[in-house]
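Asker: So that we are looking at the same thing, I have put the structure below in structure tokens.
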Amino acid sequence: MALNLRKNHQILKIINDALIDLPAPSNISTWWNFGSLLGICLITQIVTGLLLAMHYTADTNLAFSSVAHMCRDVQFGWLIRNLHANGASFFFICIYLHIGRGLYYGSYLNKETWNIGVILLLTLMATAFVGYVLPWGQMSFWGATVITNLFSAIPYIGQTLVEWAWGGFSVDNPTLTRFFALHFLLPFVIVGLTLVHLTFLHETGSNNPLGIPSDCDKIPFHPYYTIKDILGFVLMLSLLVSLALFTPNLLGDPENFTPANPLVTPPHIKPEWYFLFAYAILRSIPNKLGGVLALAASILVLFLTPLLHTSKLRSMTFRPLSQILFWTLVANVLILTWVGSQPVEHPFIIIGQLASFSYFTIILVLFPLAAALENKLLKL
């Protein structure tokens, strides 16, 4: 009898075990689609990014013009650029929903998978930041100046570190060229980390909405979840293409249509929408080092969630108190996002400070307390 190549070939066997014959829980919902959607986002960004890099020039005198040239003179250059810019937004929408799913259903108890996931988020944020600088518009330049300057808050070595990162005494040509190099490199680091993420995931298998072991009821990934994932792909790509074709600049900053000018500061410097919640936390502390620490903590706090899990139940499905807190946290992050887009004046300052305080309080204090109380109420 002939050998089944899919199951015996050294490379195909790995693909088969990850995407075809993978045993998956029979009851995972659409919230489990976002992992594969992130994979599609990553592939889309690498393909469109590669095509853009073929026409881009990483030089302060030419960068802005080269992006304009792409949109005007390159076949479908405008579409490739719009897909790449809006693809980043979809990447972040998917990753935030993916993390929210993990928090809600207790997926963070797969510690290795979760920790690699947080590192992936940090790498994605770094990639998006250096990428936003490349068109060399006003917001690109001033965003780079403001964010890189934060490193100067590090005691003793801060200023040296910033000048080393800039390659000079301000954001200039060396900064742009190294940011382009990093923006080209980091997506491939993300690919590598994704493979590690999947390797750890397949050690334990997927979690499920009930938060209980599902070894007694597994189904093959293909055809069940391949079909389910394809539906997600179609919906997400339809939304992405619609955004890129109808309102490509909806999520961008109009300030970036002006070439970078070190002599003119924009009235309101703010990052892209997906960083606004962290930016609001940074701004809400009236001290440079304190703000930088809070900014870092806003993401790094995710590393602590497995350690703060006090509930005897894994998922929040049967924990109404924790559910209320979870949705309060979601609303809180949305408020932070809104505050981050507003000028630094009353009442936004105090709203931002309250929202920042409640963000950390919910994650570090209220979640563990609510879980302990639920254990008591359920007599667990």
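Every residue gets a Cβ built from N, Cα and C, even glycine.
Predicted, not measured: the structure shown is a model, and the values here were computed from it.
Per Swiss-Prot, the features are:
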TRANSMEM  34-54  transmembrane segment
TRANSMEM  78-99  transmembrane segment
BINDING   H84, H183  heme b b562 binding site
BINDING   H98, H197  heme b b566 binding site
TRANSMEM  114-134  transmembrane segment
TRANSMEM  179-199  transmembrane segment
BINDING   H202  ubiquinone binding site
TRANSMEM  227-247  transmembrane segment
TRANSMEM  289-309  transmembrane segment
TRANSMEM  321-341  transmembrane segment
TRANSMEM  348-368  transmembrane segment
Asker: Is the transmembrane segment (34-54) in contact with the transmembrane segment (179-199), using three or more Cβ pairs under 8 angstroms as the rule and ignoring pairs under 6 apart in sequence?
Answerer: yes
Asker: Cβ pairs under 8 Å only, please: of the recorded stretches 34-54, 114-134, 227-247, 289-309, 348-368, which one is richest in them relative to the transmembrane segment (78-99)?
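Answerer: The stretch with the most contacts is 34-54.
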Asker: Please list residues from the chain of H84 (heme b b562 binding site) whose Cβ is under 8 angstroms from its Cβ, counting only those at least six apart in sequence.
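Answerer: Same-chain residues close to H84 (heme b b562 binding site) (Cβ under 8 Å, separated by 6 or more) are Q45, T48, G49, L52.
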Asker: Could you pull out which residues elsewhere in the chain have a CB under 8 Å from any CB of the transmembrane segment (34-54), counting only those six or more residues past its ends?
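Answerer: Sequence-distant neighbours of the transmembrane segment (34-54): 70, 77, 80-81, 83-84, 87-88, 90-91, 94-95, 97-98, 101, 183-184, 187-188, 190-191, 194, 229, 232-233, 236-237, 240.
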Asker: Distance check, please: Cα of H202 (ubiquinone binding site) against Cα of H183 (heme b b562 binding site), rounded to an integer number of angstrom.
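Answerer: Pair distance, Cα basis, whole Å: 29 Å.
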Asker: Rounded to the nearest angstrom, how far is the Cα of H183 (heme b b562 binding site) from the Cα of H197 (heme b b566 binding site)?
Answerer: 21
Asker: According to DSSP, which kind of secondary structure is H197 (heme b b566 binding site) found in, if we only use helix, strand and coil?
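Answerer: DSSP assigns H197 (heme b b566 binding site) to helix.
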Asker: Measuring Cα to Cα, how many Å separate H98 (heme b b566 binding site) from H183 (heme b b562 binding site)?
Answerer: 23
Asker: Take the Cβ of H197 (heme b b566 binding site) and count every other Cβ within 10 Å, whichever protein chain it belongs to.
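Answerer: Neighbour count, Cβ to Cβ under the 10 Å cut-off: 21.
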Asker: The transmembrane segment (114-134): which same-chain residues, six or more beyond its ends, come within Cβ distance under 8 Å?
Answerer: 56, 58, 63, 67, 88, 91-92, 95, 98-99, 102, 107-108, 140-141, 143-144, 147, 175-176, 179-180, 182-183, 186-187, 189-190, 193-194, 196-197, 200, 271-272, 274-275, 299-300, 302-303, 305-306
Asker: Grab the same-chain neighbours of the transmembrane segment (227-247) for me: Cβ-Cβ under 8 Å, and only residues 6 or more beyond its ends, written as numbers and ranges.
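Answerer: For the transmembrane segment (227-247), the far contacts come to 30, 33-34, 36-37, 40-41, 44, 79, 82-83, 86-87, 89-90, 94.
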Asker: Please list, in sequence order, the residues in the chain of H183 (heme b b562 binding site) that are at least six apart in sequence and whose C-beta is under 8 Å away from its C-beta.
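Answerer: Correct list: G49, T127, V130, G131, L134.
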Asker: Whose Cβ, among the binding-site residues H98, H202, has more other Cβ atoms within 10 Å than any of the rest?
Answerer: H98
